């Protein structure tokens, strides 16, 4: 459960990310593919090379979904319901991959915003991404 302090940290961090969310999403996705090659199996039709427009485009979709989630911190299941359906019923993404991408997103944010990435912010963002992952995998059961 996200505390009021977590919600404040998440919103403040996302505000600082601003227009870079799509860029960071693409970078995190590329980092995920490089660090965890098995994640590539869900994207056989993508050009997965460094700087790929397809990876950047999908990274922007990830970032847009997270931006929507940040705007609905009190109703993540409602905000992410359609995305949960897509990943559970159509794409059938292994739930572990959400944790891997979450980790890579945290690393990406820490690289770009080291001063703001305090232990408290890190913990809040980790809880947020874990909550998002839980919602996205809730319909697998």
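Heads up, the Cβ atoms here are built off N, Cα and C, so glycines get one too.
Across the domain 'Globin' (1-141), mean pLDDT in this model comes to 94. Look at Swiss-Prot and you will find 1-141 tagged as domain 'Globin'.
Listed in sequence order, the same-chain residues six or more apart from residue 3 (phosphoserine) with CB atoms under 8 A from its CB number zero; the list is none. According to Swiss-Prot, the phosphoserine annotation covers 3 (among others).
The number of other Cβ atoms within 10 Å of the Cβ belonging to residue 16 (N6-acetyllysine), over all protein chains shown, comes to 13. Annotated N6-acetyllysine per Swiss-Prot: 16, in sequence order.
Summarising the annotation, Swiss-Prot assigns phosphotyrosine to 24. According to its DSSP assignment, residue 24 (phosphotyrosine) is helical. Within the same chain, residues at least 6 positions away in sequence whose Cβ sits under 8 Å from that of residue 24 (phosphotyrosine) are 17, 59, 63, 105, 108, 109, 112.
Marked as phosphoserine by Swiss-Prot on the basis of similarity to another entry: 35 (among others). In the three-state DSSP reading, residue 35 (phosphoserine) counts as helix. Cβ neighbours of residue 35 (phosphoserine) (same chain, under 8 Å, six or more residues apart in sequence): 100, 104.
Taken from Swiss-Prot, the feature N6-succinyllysine covers 40 (among others). Remark: residue 40 (N6-succinyllysine) has 33, 48 as non-local neighbours, by Cβ distance under 8 Å and separation of at least 6 in sequence.
Residues or ranges marked as phosphoserine by Swiss-Prot on the basis of similarity to another entry: 49 (among others). There are 10 other Cβ atoms within 10 Å of the Cβ belonging to residue 49 (phosphoserine).
Note on residue 58 (O2 binding site): other Cβ atoms within 10 Å of its Cβ, all shown chains, come to 17. For 58, the entry in Swiss-Prot reads O2 binding site, with the evidence type sequence analysis.
Other Cβ atoms within 10 Å of the Cβ of residue 87 (heme b binding site) number 21 in total over all chains. When secondary structure is read from DSSP and collapsed to three states, residue 87 (heme b binding site) falls in the helix class. Swiss-Prot lists 87 with the feature heme b binding site.
Of all Cβ atoms in the protein chains displayed, 20 besides its own lie within 10 Å of the Cβ of residue 102 (phosphoserine). The feature phosphoserine is assigned by Swiss-Prot to 102 (among others).
Summarising the annotation, Swiss-Prot assigns phosphothreonine to 108 (among others). Following the DSSP three-state reduction, the secondary structure of residue 108 (phosphothreonine) is helix.
DSSP assigns residue 124 (phosphoserine) to a helix in the three-state reduction. In this view, residue 124 (phosphoserine) is surrounded by 22 other Cβ atoms within 10 Å of its Cβ, with every protein chain counted. Among the features that Swiss-Prot reports, phosphoserine is placed at 124 (among others).
Cβ neighbours within 10 Å of residue 131 (phosphoserine), excluding its own Cβ and spanning all shown chains: 19. The DSSP secondary structure for residue 131 (phosphoserine) is helix. What Swiss-Prot records for 131 (among others) is phosphoserine.
Long-range Cβ contacts of residue 134 (phosphothreonine) within its own chain (separation 6+, distance under 8 Å) are none. For 134 (among others), the entry in Swiss-Prot reads phosphothreonine, with the evidence type similarity to another entry.
Sequence annotations record features per position, and here Swiss-Prot assigns phosphothreonine to 137 (among others). Secondary structure at residue 137 (phosphothreonine), as computed by DSSP, is helix. Sequence-distant neighbours of residue 137 (phosphothreonine): residues of the same chain at least 6 apart with a C-beta under 8 Å from its C-beta are 84, 87, 88, 95, 98.
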| said: Tell me the Cα distance separating residue 49 (phosphoserine) from residue 58 (O2 binding site), rounded to the nearest angstrom. | reply: 14
| note | Between the C-alpha atoms of residue 131 (phosphoserine) and residue 16 (N6-acetyllysine), the distance in angstrom, to the nearest integer, is 21
| query | What Cα-Cα separation, expressed in whole Å, is found between residue 102 (phosphoserine) and residue 49 (phosphoserine)? | reply | 21
| field | Rounded Cα separation (Å) that holds between residue 124 (phosphoserine) and residue 16 (N6-acetyllysine) | value | 15
